[in-house]
Amino acid sequence: MANSTGLNASEVAGSLGLILAAVVEVGALLGNGALLVVVLRTPGLRDALYLAHLCVVDLLAAASIMPLGLLAAPPPGLGRVRLGPAPCRAARFLSAALLPACTLGVAALGLARYRLIVHPLRPGSRPPPVLVLTAVWAAAGLLGALSLLGPPPAPPPAPARCSVLAGGLGPFRPLWALLAFALPALLLLGAYGGIFVVARRAALRPPRPARGSRLRSDSLDSRLSILPPLRSRLPGGKAALAPALAVGQFAACWLPYGCACLAPAARAAEAEAAVTWVAYSAFAAHPFLYGLLQRPVRLALGRLSRRALPGPVRACTPQAWHPRALLQCLQRPPEGPAVGPSEAPEQTPELAGGRSPAYQGPPESSLS
């Protein structure tokens, strides 16, 4: 009885994990696809190339390693499908290359925003985005090649060990973890820390006096009026929201995976499914963190959605429902828009007397 209860609990946990993983998969595909369309359809968007690169990496991961995690995760993982030697090596290479491409791409995006905010008038100090992204993919390719130097997949009775955590990199796992997670984390922390410092200084700076303002007197009221207004205890708190979210999301998603890479392979294999899908959730969080939370992206998304959706039905103006205007519409359909009471022509004396304008009185011959 106890064994059946434990088996049912494990089955329920596996089914729940499968549902959550499928939700993450669908969110990564839809979110990154929509953000990529917005970036490509919006000319002049800042960081457009870095955002498009991040969306492409997330889509590649959502189309390759995430389905493999759904189908071929080792027990007690999500799937039960076994991979052969060649697909197992391909899965190792994709995981070892796409994960650093994502983390290094996020760090490159943070550094680009740091240069745009802190040094906006020095475009010569910014390296070309194509050069930066080429270096990112070169580093990702080298880190992916380390997986090919690891031990070969085990024969069928034993676990295949197709992931990075479960011995896929062999002795190169600590080096891979330092270059794939520790280095991007330091770069991201430095970039967003600099952005926060600049925003806080701008928030603490008193406003400049307007030109042509008259000099104040030396009275007590004048001295009190020029004092800066009371500020909150944490000035620049609004500016700290975006850096805190970016750094917090990176740490929450990638720190468990990086720590598992530094742990022994046997212990890392036990927590492989949990830490792997926590890391994969970053692919679904990027469109919201770097897309919807950015005001230019929100404006571009609203503009494109208004173009795609049909226009709203125009409602009648309140003046069109005035009894006099409504009576005119019923008697003869007007050529132009309905006329309100303020725009209606004034009544002639004949109409005020209750006679029709066509009535001109009796002819003069009948009066004589």
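Start at 1 and count along the chain as shown; that gives each residue its number.
Cβ atoms here come from the backbone N, Cα and C positions, even for glycine.
Features as listed in TrEMBL:
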- 31-290: domain 'G-protein coupled receptors family 1 profile' (DOMAIN)
- 332-368: region 'Disordered' (REGION)
- 12-38: transmembrane segment (TRANSMEM)
- 50-73: transmembrane segment (TRANSMEM)
- 93-118: transmembrane segment (TRANSMEM)
- 130-149: transmembrane segment (TRANSMEM)
- 175-199: transmembrane segment (TRANSMEM)
(message) Let me spell it out: take the transmembrane segment (175-199), skip the flanking residues so only those 6+ beyond its ends count, and list any with a Cβ under 8 Å from a Cβ in it.
(response) 96, 99-100, 103-104, 106-107, 110-111, 113-114, 117-118, 139, 143, 146, 164, 169, 236, 239-240, 242-243, 246-247, 250-251, 254-255, 257-258, 261-262
(message) I'm checking region-level scores; what's the whole-number mean pLDDT for the domain 'G-protein coupled receptors family 1 profile' (31-290)?
(response) 79
